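J.: Could you have a look at this structure, given as C-alpha cells, before my questions?
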Amino acid sequence: MNKFVSIALCSSLLGGMAFAQQTELGRNPNVRLLESTQQSVTKVQFRMDNLKFTEVQTPKGMAQVPTYTEGVNLSEKGMPTLPILSRSLAVSDTREMKVEVVSSKFIEKKNVLIAPSKGMIMRNEDPKKIPYVYGKSYSQNKFFPGEIATLDDPFILRDVRGQVVNFAPLQYNPVTKTLRIYTEITVAVSETSEQGKNILNKKGTFAGFEDTYKRMFMNYEPGRYTPVEEKQNGRMIVIVAKKYEGDIKDFVDWKNQRGLRTEVKVAEDIASPVTANAIQQFVKQEYEKEGNDLTYVLLVGDHKDIPAKITPGIKSDQVYGQIVGNDHYNEVFIGRFSCESKEDLKTQIDRTIHYERNITTEDKWLGQALCIASAEGGPSADNGESDIQHENVIANLLTQYGYTKIIKCYDPGVTPKNIIDAFNGGISLVNYTGHGSETAWGTSHFGTTHVKQLTNSNQLPFIFDVACVNGDFLFSMPCFAEALMRAQKDGKPTGTVAIIASTINQSWASPMRGQDEMNEILCEKHPNNIKRTFGGVTMNGMFAMVEKYKKDGEKMLDTWTVFGDPSLLVRTLVPTKMQVTAPAQINLTDASVNVSCDYNGAIATISANGKMFGSAVVENGTATINLTGLTNESTLTLTVVGYNKETVIKTINTNGEPNPYQPVSNLTATTQGQKVTLKWDAPSTKTNATTNTARSVDGIRELVLLSVSDAPELLRSGQAEIVLEAHDVWNDGSGYQILLDADHDQYGQVIPSDTHTLWPNCSVPANLFAPFEYTVPENADPSCSPTNMIMDGTASVNIPAGTYDFAIAAPQANAKIWIAGQGPTKEDDYVFEAGKKYHFLMKKMGSGDGTELTISEGGGSDYTYTVYRDGTKIKEGLTATTFEEDGVATGNHEYCVEVKYTAGVSPKVCKDVTVEGSNEFAPVQNLTGSAVGQKVTLKWDAPNGTPNPNPNPNPNPNPGTTTLSESFENGIPASWKTIDADGDGHGWKPGNAPGIAGYNSNGCVYSESFGLGGIGVLTPDNYLITPALDLPNGGKLTFWVCAQDANYASEHYAVYASSTGNDASNFTNALLEETITAKGVRSPEAIRGRIQGTWRQKTVDLPAGTKYVAFRHFQSTDMFYIDLDEVEIKANGKRADFTETFESSTHGEAPAEWTTIDADGDGQGWLCLSSGQLDWLTAHGGTNVVASFSWNGMALNPDNYLISKDVTGATKVKYYYAVNDGFPGDHYAVMISKTGTNAGDFTVVFEETPNGINKGGARFGLSTEANGAKPQSVWIERTVDLPAGTKYVAFRHYNCSDLNYILLDDIQFTMGGSPTPTDYTYTVYRDGTKIKEGLTETTFEEDGVATGNHEYCVEVKYTAGVSPKECVNVTINPTQFNPVKNLKAQPDGGDVVLKWEAPSAKKTEGSREVKRIGDGLFVTIEPANDVRANEAKVVLAADNVWGDNTGYQFLLDADHNTFGSVIPATGPLFTGTASSNLYSANFEYLIPANADPVVTTQNIIVTGQGEVVIPGGVYDYCITNPEPASGKMWIAGDGGNQPARYDDFTFEAGKKYTFTMRRAGMGDGTDMEVEDDSPASYTYTVYRDGTKIKEGLTETTYRDAGMSAQSHEYCVEVKYAAGVSPKVCVDYIPDGVADVTAQKPYTLTVVGKTITVTCQGEAMIYDMNGRRLAAGRNTVVYTAQGGYYAVMVVVDGKSYVEKLAVK
C-alpha cells in the first residue's frame, strides 16, 4: 500500500512551498530565464515547486519516493530515486558550452530513507510487480547524483542548435541518510573558445518553425536569425510505391488546392529495390534544397513497399525526418498511409480529404473526446500519476478548452462494447494510456477484430496512443493502427483519421509526458507554440518528452509512428462559418488578388485542377494572394481553410482564352426549407463544342495536345477511326507505324513501360508485331527499314471501340526501332471511344519527335450537366435543366453547374445559396433498425418540437385543428390586447403599404424602437397578446417576423405563454427570445429609404394549458421597427407518449430536464449513474439510471424528490426500479401535483417498500465503492394510473435508512386525448431509393430484403419542405437460417410432387452470439450436436498459454457450497502445500480426471484439451493454474464471478461448455463457448410462381394437385422461430415441353419494357397469374409494366416456355 506523507521544512527557505496530500499533480513551470544575451550567455534559475514524498514498502522497511513538479526519475535501477528537471536552451552554432552554478540555497533533512529506483519500466510490465532492490550506491558515503547542474550533448532542431541544462535539486547520501533539498539554483550557460560537438552549418531560418523554436528554447530570440523567406506554409513530398502512383492524384490535388505545395516521388525512382538508406538520403537532399522549406513527408505503402529504418531495438519512420546533426530532433514531420491494396489507400485518402474539406456546422460530434486508462501506474510514472490520474488531467484540460463531452473508460471493467459505442456515438479525439499489443488495446481488449463493428462513417477522431506495439506495421498481419486507418463500412471510412502509435514496447513514463504536451499544444496552452496539423502537434509533444527523458525519450520518439497525413489540419470543436468575399473575375495578368475573410489566420489559396498559383494568410481581414504561373485558365478555384472553420470553396472566372465548350446560362437558385432548386437554360450554341470548324487547341497534359474539330463523316456504330499522318519528319526517308493491341496486355511486354526503344537493334523478329490485331498501315512490317510505313502521307484503320495498348513505332535504318518521343506515342489501357476519329500527326518536337492527337466527333453534339456544391461534385449525367437537393445543411453554399461534352467541359456557372435553420423541419428521433431473417423493422420517435412550417398559411383553416389565424390585414382585432409597459405612448400598431409591407400581404403589425417625425430614440417594452385560447394539450405557434430597417435590424423580442391571465405579470418564462438579424433584403417597401429586412418564419411549441400568448418587444433602442405577421396557432389533439431513459444525463450529476429536491438537506439527492462508470450496475435499457441512496459510505435518512417536467394530459406512468437485493427495503412513493413543483404541492398516489426481491440468477461483479459488494436486484416493472389534472409526477425516496439505494429507469408516460390529423408524414429510403412514403405510424417493416448491408433512412415530409434524413445501417444475413437441400419437382399423374431434404442438422437459428457474463469477459453461444440429454459436457482447452509448460485444471463442485470457502472470492486457491484430499473431498468432477492439488503437478492441461461429462445442474467451479516458481495454485483471471471461477453456475443439460485459456493483459483469462444441442424447430412454406400456396408443413414433400400440365416455378423456404431461410427454387417443365436451355427455335428480346418474340410458329406472353397478355404468329410484341412474365412458343408441335423479368 502506498501512503503519501508530508515533511515539515522551513517555509522561508522553500519560498512558501507547501507539502500536502497528493491529488492530481500540478504542472506549473518552476524554471525561469533571468538573462540572455547575444554573446551567448544565458542565466537560468530553478526554484523547487510542490515537493512531495510517497511512502513505499521496501526490503529495508518503509522508504520515501520524492516527486516535484516536472521532475523525472532517470536514476538507474538500484540507485536512489532522485528526480531531475531539464530545460532546452538555444546555444552557439559551433562553440562548446559550459554551465556554472552562480548561486544556490538548500536545506537538509536527516534520517531519511530514499527508496531505490526501479529503473525504466516498459508498458508490457506491471510496475507493482517489480521489486525495490538496493544497489551498491547505498554503501557509498557520498551525495548522489553529485552535480546539481549539468549539460547534455548539443542537438539540432532544423536551424537552431540547442542544449539541455539539467537541474538535480535533490542530493542524497545513503550512508548518513541525509537528503539535501535545493530550493533555488541559479546557473549561467556560456560559450567557450573550443569548437563543440554536433555543430550547425547554418543556411537560414524557415519562418514556418518560429513557434516551435519559441516553445522549445526558453531563450530563443527570433532576431538572432534572418529568415530566408517569409512563408505561411512549407512543402510536402509524397513518396509513393510505384503500384499506387496513379491512385494518389486526388490527395495531391487537394493538398495543393488547400495551400500546401505538394509533390510526388515514386519510391522505385529513388532506388530499386527501395531501401531505408536511399529514402533517408533522398529526404535529406530535398530538405537541403534552396528555400529550406520541406516540412512534411508522407510515405505511401506498407513496410515491404517503403521500408522503415531498422536498427537494434528500433523500427522507425521518424528517423527520415532527423536530418541536421546527429540527434533525435526531427526537422521534417513524417507520416505514412500504410496500405496493402488500392482499397486500403483510397479510404485513407477519402477520409483525409473529407475531414479537411467537407466538415460543417452540423458535425456535432466534434468537441467530444474519449479518455481510456488502465488501472495501473503511480509513483514511477510521469509526475507520479497513475494512468487514470493522467487521463483525468487531460480530460480537465480538454473541458477547459471547450470540449463539450468527455467519455471516460477506465479499468477495471472496460469492454470492447464501451469503445465501440463511444466511437459510433461520435468523438473527435481519443487519448489512450495503458497496455497494448500488435492488434489491440489492453484496456477493453478492443482490437482489430472489433473494428468492423464501427459505424462512425466520416465522424473520425484522431488518436494519441500510449501503448506497446499498437503501431508495429511490420507485424505479420495488419496492426491495430493500420486496422483503424483502413476501416470502412459500406464503402465509407470508419475508425480514425490519424493515430500516433508505437512500433515497439513503450516505456511507462516518458510517453505520458509526450501525450501531455500533445494535448497542451492542442488546447493552445502555449501561445508561442500553436500547431494546427497532426504532425506538428504530435512531434512538438515528443520534443518535450525528449527534453525531459533524454535517451529513453529519443527511443520513444523514433518509434512513435504517425499513421495518416502529417499535414492533416486537426479539428477540435464544432466548426463555425467564415464570411469570404472575392472578385467574381480577375485578369490573367493580375499580379495578386485580395480576398476578404472574417477569420484572421485562415489560409486562402488560388488553384486550378490541382495546381497552386498562390496562397496567403488572412491578416486584418484580408489575404493578398500573389499569383504566379497563370497561363490560359478560364476558371480558378479559391479555397479558404481555417482552424475549426467550415472550408470555403468558390469559383473565380478569368479573362483567359474563351473556352470552346459553352456553359449554361441564366442559372437561378431557390430554397424551400432545406430544399434547394436549381434551374438554368441550355448552352447558347449546343453544338459549339463539337461542330465548330475552326480548330481549337487545349492542353490536356504535359506535351499532349487535344485538338477538336468536326468530323468529315460518321463512323459505323461501335467503331473508331485511327489515322496516322506524317510528312518526312526527319528528311531521311524514315517513317512511322501505329501498333494497336486489342487484348491490351502488351504494355510492359512488347511495348516497354520504361523506355522509348521498341527493339534495340536491327535483328528484328519477323513476328514482333504478331500480338497487335491492328496496325497503320494495315500491312506494317517489323524492320529497321520497313517496306510498309507512313513517311509522307496519311493512312487509317477502323477498329472496334474499346480499350487498347498502343505504340507509334519509328524505325531508324541500321540502328533500332524507336517509339516516337513526346505526346501520346505509347499508352497503357487507352480507351478509343465509338464514333470518334483519332488523328495522330507526327512532328519534330525540340530535338526529337512526337505526335499531336486530334479527336474528331462523328457529327453528334450530346452533353450532360454536372452539379457541384461547395466544390464537391454531387450529381452528374443530368439531361434536364433543373436539379433539386433536399436536406441541405444550414448556412451559405455555392452551387455550380458545368456542361460535360464528349471532348471536354465548359466553365462552371455558379450561384450562392443561403439555407435557413436546419431545425425548421425537425427530423425523426431515435431511429433504430433490426433484422430477423430477411425482414427489416424500423422504429423511431416523432420529431421533437415538430413545426408546421407552411409559408402560405391557409386563411380558412380546417375547423378543429387551427385555433387562431391572424394576418392583421384589417389592423389589430379588438379581441387582441396591447400593453405599453414602458408608458411612452408607443405600443404595437397596425401598418400598411406603402412603407410597411406584410409577409406576402399589404398589412402587418409593428412596434418601434425609433420614432419618425421628431420622436427619436425609444426604449420599448410593448406586449401584443392573443385572445383567450383553449389548449389543454398544448399547441404549435407559427408566425413571421422581420426588421423594418435592414441596416438597423437588432430588434429584440420574446414570445411567452400564460396559463392564467393576460396581464404583463402573467408572462414570465420566455418560450422564444432572440435579436433579429436582417441578412438580406426581401421587400422593396421603404420608409424614407429604409429597406425592409428579410421575413423569417418562427415556430414555437406551446405548453399544455396555454390560455394566452404574448409577443413582447423590449431591450431594444435606437433601431427602427419590428414587424409581425401571419400568426397561427394549432391545438395538439394528443400529446405524444414519451419515455425518459436518462441517456442524455451525465454520470454523477442530477438528471437532465428533471427537478430534484433534497428535502432532508444532506447534500445527497437523486443523481444519474452510468454502467460505463460502475461495474456493479446494469441499466434496464441503455447505460444510465437515476439513483437515490439510504447508505453511501455512511447511514443516510433520505427525503429526495425526483420531479418530471410538465406532463399535463398523462394518464399512466410505467417505470422500472431495482434495489440492493441484500438490503431491499428502500421505501419510495409516486406522487402527483396539479399545480407546481414545490415539495408541498405533491400528494401520494402509490407507495411501497420493496422486499424479498431475488437476484434473478445473476450478479454483476463487485463494487469499487467503500463497502465492497452492491449486488443489484432484477428490474421490477410498475404501472400507476394518474388522476385527471396531473401536471407533474414525483418519485419520493424516504422513510428508510441505512439500507443502500433505489434505482429508476425507463419511465414512460402515457398521454390521454384523441389524436388529430398529423401535419406531416414519413418517407422511408433504402440505399438511397425511396421505398415508402405517406406513412403516419412510427414503424415500418420490409420483408425479403437482399443479403448484405443496407442503409435505411427516414425523412419527415412537411407541407412546406422536408426534414434532414435520419439513417441507420442494417445487415441482412439470411444464411444464418439454413435452407432446404436438393429440391426436386416431378409429375405424378396430373399432380406435381415436390421433394426435398431437411436443412443441415446444425441448427442455425442458434447462430453465433456473444453476451457479456462478467467483468470484461464474454460468452460465445453457437450450435452443436454432440451432447446427450440430461447431461452437459465441460471442455478445458489451452495452448501453452505462458510458454513455460505450466497448465490448467478444472474443478467442479456439484454441491455448490465451496465458493467463498474452498474457492476464495479473490486470490489463489492455496499457497504452498495443500491437503492431499483437497480435490477429492470437495470436487466431484475434475479435468484432467487425475488432477491433484500440488503446485508442481504434471496432471494439467498444457496444450490440447480435456473434457468431462456431468449431470446438468448448479455447480461451483474454478480453473486453477499451478505455478511452481511462486509456490501458488493460482485461479485464472482477476477474481469475482467470472468464467474462471463461479458461484452457483448452471450447466444446462444438452449443452457443451468449452473453456479456452488465453493471455489477458498481464494475467490470464478464459473464453467460454456454449454449444446447444436442442432440436431445430421449423416448418416449410411452399410457393408457386411467387405465390404462397402452403405453409406450416413439417414433412419434406408436397403434392400440388392438378398442376402437371403447365410449367411453374416452385420455391420452398424454411420458417424458423427467429426468421426464415432463403428460398430454394426449381423450375417444373411438363412432359412434351422442350427445355429452353436446349437450342431455341425463336428469339426473345427485352428493350426497356418492350418484349419481342420472333419465331416460325405461334407465340404467347403470360403474366405470372396465367393470364394471356398477347399472342400471334411469327412476331409478338408487348409493352410490359415491370415484373415477371412467361413466354410460350409452339414450333413444329413442340412447346417452349421461358420465364423473364422486366425491370
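Including glycine, each Cβ sits where the backbone N, Cα and C put it.
According to Swiss-Prot, the feature active site, proton donor maps to H435. Taken from Swiss-Prot, the feature Ca(2+) 2 binding site applies to V324, D327, Y329, E331. Marked as Ca(2+) 4 binding site by Swiss-Prot on the basis of similarity to another entry: E517, E520, H526. Under the heading compositional bias 'Pro residues', Swiss-Prot lists 946-958.
Would you situate these features in the structure and describe their surroundings?
T.: Cβ neighbour count for H435 (active site, proton donor): 24 (other Cβ atoms within 10 Å of its Cβ, all protein chains included).
Long-range Cβ contacts of D327 (Ca(2+) 2 binding site) within its own chain (separation 6+, distance under 8 Å): D153, P154, F155, I156, N198, E554.
Residues within less than 8 Å, Cβ to Cβ, of E517 (Ca(2+) 4 binding site) and separated from it by at least 6 positions along the same chain comprise N540, G541, M542, F543, A544, M545.
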J.: Counting only residues 6+ apart in the same chain, whose Cβ is under 8 Å from the Cβ of E331 (Ca(2+) 2 binding site)?
T.: I156, L157, R158, Y287, G321, Q322, I323, V324
J.: Work out how many Å separate H526 (Ca(2+) 4 binding site) and H435 (active site, proton donor) at their Cα atoms, rounded off.
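T.: One finds 30 Å between the Cα atoms of these residues.
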J.: Is D327 (Ca(2+) 2 binding site) helix, strand or coil when read with DSSP?
T.: coil
J.: Relative to the Cβ of Y329 (Ca(2+) 2 binding site), which residues of the same chain, six or more apart in sequence, are found under 8 Å away?
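T.: Listed in sequence order: F155, I156, L157, G162, Q322, F543, V546.
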J.: When DSSP states are folded down to helix, strand and coil, where does H526 (Ca(2+) 4 binding site) land?
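T.: The residue in question, H526 (Ca(2+) 4 binding site), is coil (DSSP, three-state).
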J.: Quick check: which same-chain residues outside V324, D327, Y329, E331 lie with their CB within 8 A of the centre of the Ca(2+) 2 site CB atoms?
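T.: The surrounding set, listed in chain order, is F155, I156, L157, R158, Q322, I323, G325, H328, N330.
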J.: How many Å lie between the Cα of H435 (active site, proton donor) and the Cα of E520 (Ca(2+) 4 binding site)?
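T.: For H435 (active site, proton donor) versus E520 (Ca(2+) 4 binding site), the Cα atoms are 23 Å apart.
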J.: Looking at Cβ-Cβ distances, which residues of the chain lie under 8 angstroms from E520 (Ca(2+) 4 binding site) while being 6 or more apart from it?
T.: L397, H526, G541
J.: For E520 (Ca(2+) 4 binding site), which DSSP three-state class applies?
T.: helix
